[in-house]
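For reference, the structure is listed below as C-alpha cells.
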Amino acid sequence: MTILPLSSTPGRNTPTQQGSSYFPSPEGGPTIGIPGQNNNISGAFGRRKSDGGHGFGFGGGSNNRGGHRGGMNGGGVSNFVPLFLRRLFRFPHMDFQFALWQMAYLCISPRIVYRNIHYHKQTKNQWARDDPAFMVILSGLLGCSAVAWGLVYGHGMIGILRMILFMVFVDFVVIGVIVATVCWAVANRFLARASVYSTDQSVEWQYAFDIHCNAFMPVIVLLYIIQMVFMKILVKDVWICTLLGNTLYMTAIVYYCYITFLGYNALPFLRHPEMFLYPITIFAIVYIIALILGINISSKVLALYFG
C-alpha cells in the first residue's frame, strides 16, 4: 500500500507532494496518511509557504511563541515592504470583487467588514487581508481623483503627475505610515492586555496600517470626490456654505476615527480601544469654533492644497 503524509490532500489538483502519489498503489491496497517529516504547519491555516507563512504583510495580532516576539519588535515596515513588492503586480491572483465589497461596506456599515475579518482570522490565522487588491484599488481611486482635480484647476500634464504623486504617496502612504505607527505604539504600550492563562499577544505594525487603509476609504469618498463635485458651493463666502464644508470635513474625521476604533476593537487582547475615539472630541471643539468665527475649512484647505 501507499503511505502519504497528512499534509497531502487527495482530490486537489496537485499531482505530487513530497514525492508521494495520490493514486492508489499498484497492488490495489489502501492508502494511509501519516505525518510527514517536512510538513509546514502554516499550510494548515491557508498561508502561502512561498512567503514564509506570512500574509500580505498586514498580519494582525502575533503570539510570542517559539522564541519569536511580535509587537514593538516584530512585524515592522521592513517585513512589510518585500511582501508588498512581491504581490503587488500579481493581478490574476487578486480578488477585486471582494475588495470592492469591503470598500462599499466601509462607507455604509463598517461593522460588517470587521465581522468578516473575524472569519478571516479563523480561516487563515491572521487578522488582516493577505490580498493587495484593496490597496491597488484605493491607489487607483486617488490617482483618478488627482486627474479630475488637475483638470478642474487647469493644471498641465506635469502638474497632474505631481498631484497624483502627492495624493498617493503623501496623503495616503506617508501620513498613513505616521498615523499607523502612532496607533501601533499606543496599542502595544497602553492597551495590550497581559494574561496568565495565554501567551502574550501584541499588535503588529502591518495590521495598524491595514486599519488606516480601511479608515481612509470614506475620506476619499467625502473629501476627494464629493467635495470636488460641490466645490463651487462649498467655497462660497456664505455661512450656510461654511456649515456644509466644515460638516463634510467633520464627517470624514468621525468616520476615520470610528473605523480605526473598530479595527482595534476587533482584537480581543486589547482593552479600552475606545481611546481611539477621543480625538473626535478635539475636532468637534475645532468644528464649533470655526463655525462661530465663520472660518470655511473647505475653502482654506483647497486654497492651501492647490494654491
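Cβ atoms here come from the backbone N, Cα and C positions, even for glycine.
The compositional bias 'Polar residues' annotation in TrEMBL covers 1-23.
Under the heading region 'Disordered', TrEMBL lists 1-46.
Annotation comment: TrEMBL describes 96-113 (among others) as transmembrane segment.
Feature annotation from TrEMBL assigns transmembrane segment to 133-152 (among others). Residues 88, 91, 94-96, 98-100, 102-103, 159-160, 163-164, 166-168, 171-172, 213, 216-217, 220, 224-225, 228, 231, 306 of the same chain lie 6+ residues outside the transmembrane segment (133-152) yet bring a C-beta within less than 8 angstroms of a C-beta in it.
Under the heading transmembrane segment, TrEMBL lists 164-187 (among others).
Positions annotated as transmembrane segment by TrEMBL: 207-226 (among others).
The transmembrane segment feature in TrEMBL is assigned to 238-264 (among others). Long-range contacts of the transmembrane segment (238-264) within its own chain (CB-CB distance under 8 A, at least 6 residues past either end) are made by residues 106, 110-111, 114, 183, 187, 191, 203, 207, 210-212, 214-216, 218-219, 222-223, 226-227, 230, 270, 273-274, 276-277, 279-280, 283-284, 287, 290-291, 294-299, 301.
Residues or ranges marked as transmembrane segment by TrEMBL: 276-297 (among others). Residues 183, 234-235, 237, 239, 241-243, 245-247, 249-250, 253-254, 257-258, 260-261, 264 of the same chain lie 6 or more positions beyond the ends of the transmembrane segment (276-297) yet place their CB under 8 Å from a CB of it.
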In the same chain, who gets a Cβ under 8 Å from the transmembrane segment (96-113) while lying at least 6 residues past its ends?
131, 133-134, 136-138, 214, 217-218, 221, 258-259, 262
